[in-house]
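Single-structure report; data block below.
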């Protein structure tokens, strides 16, 4: 049995397991009884995972012994990551001292400190430099490696065959960090790029140190200082890093490369790309340029000779894999430069690009300072070690993704750009057998990959296909149809009163359109709340139809009283909630307010009317005009924070004046007045109670509930008006118009009522937020619509009361069912559009009442609210790049979606802990926070507000970026942040802040996904293609705070999770925000 087990173990493909067969049993001091259960191993049907548990493996980090080498293979953060994964880590004493990492730092991260021999004998050894002779121990490091162990290091196998022979004798498996394929999936573990990035930056710093003038140009009292001119040859990682650093220091930067893509990158950094007249592509393999033709090189030399006479600093990075670096600048060119110039040769280790370079030295040749250091990354040891450590930890996690066992498989058959390609390219020796170089992968892209057109480019091409004639013809057709419709209304008008009402409706709609567009997005929530309150003027319709004495005496009067009661809930509750929200936007530095003084115009308006009425004047129509203008002022007042409270006051004055004018025109008896007052008082009391108790985070469902009341009031009013007017239809010339408007108002009110209730249920959590996609729902909705439209035929044709009231009852039921089926098919994340559409419906229902009762006030206010909701719906749809029909019918996909296969997202994500996040926050000077609905759901606005306050006190620039559809109703996040005390002037909209992301040090994404998804711009086939998003990935660093890597509402994977500048801080949003707040406070109190 022992032999059988030994055979199984030694035959395993993972080199660590082969050691288990030859392990020694150490004698112990006590005797133990051990039962050897073989049957569970031999006959168990459960599959056995390949590899070896992480907890049984030790990772060793030796001290680098190469001369002047200051780097270390793993930073304390890297150690912590491996320990968290399950590895045991041992670090040689003093290994990180030159990189400013003490032994105590490593101990705190979970590592053990041991000697060189013990560390090198680990299962897996990670190094920076390749193994070499240890002069202190008098033995080669390769001879100290564990037999059949694994080594990860820079190896350069083509240049070090002797080293490979030594490693082969130890049966080592070797992963060469210099052989990581330069493919997209491997960007996170490309150590050559990491080191080149540091070398490029350090080259500019050294050049500036040895250059005798400023880099940036200056005009001083002592004279003008011209900017330094820098030429950078080679647009790889090092060259681009140099260009970015030099440009940020104010120099004039020029860049040269044989590859067109590299020249574009130079241009994007603000450098001037240089080209020769001869056109020849320099695209090579593995991220390097190819060798060029003789003619091209001659033209290149001519360009360089000219540039040497002009520039002050030369930085060259040109390399050819496996060969000596090409000489690009001869001695004559260098000597033609101005005295005091500096040249930095980043290719010095491979011989150098300058004929005058002395590798590893700094010297001056005829007044030109030459920097030929070959250890530039080591001269920034802390940063270099941190990046190299990140490369290694990401590589280990990528090649062995299993959570329990360490295992990877080396295959000779693999596709280009896959993990199989990465593993096979990186592993240069397996179990002592040299397998370098790797075989050619399959499916290699031919030449440079075709650049996929962005969504913006596709949209521009689509727009270009529309000819000016077609564009003008479309516009002319729209105006023709509109004017034809107006002519039709004039011909069909039964009387002059209808034409006047249409005129009022049209002008009010235009005024509302232009007024609402001026409202700042931050005040969209108060706007919806105040329109909710104003829509309570459906009470006017109820008052006009009320009758009886202390109690209603007929069915129609009872319906009217109920409509008045319901509308009063809206009025009182809506204005109080609006006032609460606006009070939250107050800042401590704002001047005092005396809003009670607006009682003066309110008293003058209402009191003056009552005095005029007592004097015998009938000025109800003028009162309606004044009330309508006040309602316009209410919407206009919300255009800015400074006038928002005035707007709410004007809304109250307008509604109060309208109700007073209605009562004055009716002149009810005392008993009926008592009934009216009682209905309004009871409704108002209930509305105030609800508004006082509601939490601001529950505002969307409150708005939805209030919308349902408006819809129900419209239905009740229309049915009551039909019942009251029915006896007069035979002699009334406008009877048909009255019937049509009553039928239309009933339909709109029914959809608004039931749709709002479903929206309320979804937002409150009573109903599931997910869309309810009934089979054949479109046919069902079409049938309900056909039934509703068809019902008007018998309603208009049959003059009997029974038929009429039956048709109104039927359309009420059908529209209510349709409101349910439509809204239930819409997911919770689309509720902003649903609420704004319902808001618009409530306005059109109010207009229908205005036409029905021939009331100018209801028509004016209804047009305002209807246009307000329509504009907000349009804004929401534009923010999602979706059509209104797509949202309302429960559809998916934007108007720009191409319909092909979405791009595949590959790569690994980076996870950090709270301490890492605090370090990033502490180091950042400019921070943007982009919250999503997750912030609302977790109610994490308070710790975030306190965090922002602390960071601002430390001199950091902290702002918020809000997407229009980030919450569950327009402007919800603005109100929540205001509630927590965040000043509104640091809360910016998407269009205001998107251009600032490239200059931002850190972005905190809290509970957002689709609104920051780069697939909207990068993938034309994505269902969110073309959707405007917050471009957070353009910042220097992003921290995404989410529960998991799961998709958002649109069910689209987010590429930013896998971008190299993104770190994932996973966990509950509220707990994470609380912890961040506490950690930041603790760090600043030290």
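Using the three backbone atoms N, Cα and C, a Cβ is placed for every residue, glycine included.
The N6-acetyllysine feature in Swiss-Prot is assigned to 70, 397. Marked as N6-succinyllysine by Swiss-Prot on the basis of similarity to another entry: 117, 224, 294, 331, 1079. As annotated by Swiss-Prot, topological domain 'Mitochondrial matrix' applies to 44-474, 579-595, 880-1086, with the evidence given as experimental evidence. Feature annotation from Swiss-Prot assigns topological domain 'Cytoplasmic' to 723-739; the stated evidence is experimental evidence. The annotation transit peptide is assigned in Swiss-Prot to 1-43 on the grounds of experimental evidence. Per Swiss-Prot, transmembrane segment is recorded for 475-493, 501-521, 527-546, 558-578, 596-616, 622-642, 646-666, 672-691, 740-760, 801-819, 833-853, 857-879 (among others).
Its own atom aside, the Cβ of residue 117 (N6-succinyllysine) has 13 Cβ atoms within 10 angstroms in the protein chains shown. Across the modified residues listed here (70, 224, 397, 1079), the residue whose Cβ sits among the most other Cβ atoms within 10 Å is 70. Residues 701, 704-708, 710-715, 717-719, 721-722, 766-767, 788, 791-792, 795-796, 807-808, 811-820, 822-824, 831, 834-835, 838, 841-842, 844-845, 848-849, 851-852 of the same chain lie 6+ residues outside the transmembrane segment (740-760) yet bring a C-beta within less than 8 angstroms of a C-beta in it. Remote same-chain residues near the topological domain 'Mitochondrial matrix' (579-595) are listed as 522, 525-526, 529, 641, 644-646, 648-649, 691, 696, 699, 975, 978-979, 983-985 (criterion: CB distance under 8 Å, separation of at least six residues from the stretch ends).
Its own atom aside, the Cβ of residue 294 (N6-succinyllysine) has 7 Cβ atoms within 10 angstroms in the protein chains shown. Residues 715, 718-719, 722-723, 726, 739, 742-743, 746-758, 781, 784-785, 787-788, 791-792, 794-795 of the same chain, all 6+ positions outside the transmembrane segment (801-819), place their C-beta atoms under 8 angstroms from a C-beta of that stretch. Of the ranges 527-546, 558-578, 596-616, 833-853, 857-879, the one with the most Cβ pairs under 8 Å to the transmembrane segment (622-642) is 857-879. Only residues 6 or more beyond the boundaries of the transmembrane segment (558-578), in the same chain, are considered here, and those with a CB under 8 A from a CB of the stretch are 526, 529-530, 532-539, 541-547, 552, 648, 651-652, 655, 675-676, 679-688, 690-692, 694, 699, 702, 706, 709-710, 712-713, 716-717, 719-720, 723. As a summary of secondary structure, the topological domain 'Mitochondrial matrix' (579-595) carries 7 helix, 0 strand, 10 coil according to DSSP. For the topological domain 'Cytoplasmic' (723-739), the number of residues in each DSSP class (helix H, G, I; strand E, B; coil) is 11 helix, 0 strand, 6 coil. Using a 10 Å radius centred on the Cβ of residue 331 (N6-succinyllysine) and all shown protein chains, the other Cβ atoms total 13. Note on the topological domain 'Cytoplasmic' (723-739): residues 494-495, 497-498, 545, 554-556, 559, 795-796, 799, 801, 804-805, 851-852 of its chain, located 6 or more positions outside it, place their CB under 8 angstroms from a CB of the stretch. DSSP gives residue 294 (N6-succinyllysine) a helix state.
Here the candidates are the modified residues 70, 294, 331. The one whose C-alpha lies nearest to that of residue 224 (N6-succinyllysine) is 331. Comparing residue 70 (N6-acetyllysine) with residue 117 (N6-succinyllysine), their Cα atoms are 20 Å apart once rounded.
When the Cα atoms are compared, residue 117 (N6-succinyllysine) and residue 1079 (N6-succinyllysine) turn out to be 40 Å apart. The CA atom of residue 397 (N6-acetyllysine) is located 45 Å away from the CA atom of residue 294 (N6-succinyllysine).
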